[in-house]
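Sequence annotations record features per position, and here Swiss-Prot assigns disulfide bond to 4-77, 7-71, 36-47 based on experimental evidence. The annotation domain 'Saposin B-type' is assigned in Swiss-Prot to 1-80 on the grounds of sequence analysis. Annotated N-linked glycosylation site per Swiss-Prot: 21, in sequence order.
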């Protein structure tokens, strides 16, 4: 498969989910915080704080960017 296209599709789906489902973001943030627990005691708290602080900004930024640009930023698509 084409990693770039897959990324664009995933970001598009995420943006649609955020737009149409108010609890989606909350679930995503909670899931991310649960993943933090894998890092061990000291790092887990730091990870959770980071998510609490930046998740809203990150989601707002994601909502205002084109999926292709986001995928380019994270390295799944060639920058144009």
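The backbone N, Cα and C atoms fix where each Cβ goes, and this holds for glycine too.
The DSSP secondary structure for residue 71 (disulfide bond) is helix.
Residue 71 (disulfide bond) counts 23 other C-beta atoms within 10 Å of its own C-beta, drawing on all protein chains shown. With respect to residue 4 (disulfide bond), the closest of these disulfide-bonded residues in Cα terms is 71, chosen from 36, 47, 71.
Residue 71 (disulfide bond) sits 5 Å from residue 77 (disulfide bond), counting Cα to Cα. Here the CA atom of residue 7 (disulfide bond) lies 24 Å from the CA atom of residue 47 (disulfide bond).
Across the structure, residue 21 (N-linked glycosylation site) and residue 7 (disulfide bond) are spaced 21 Å apart at their Cα atoms. In sequence order, 67, 70, 71, 74, 76, 77 constitute the residues six or more apart from residue 7 (disulfide bond) in its chain with CB-CB distances below 8 Å. Residue density at residue 4 (disulfide bond): 15 other Cβ atoms are found within 10 A of its Cβ, drawing on all protein chains shown. DSSP assigns residue 47 (disulfide bond) to a helix in the three-state reduction.
Per-residue pLDDT, averaged along the domain 'Saposin B-type' (1-80), amounts to 93 for this model.
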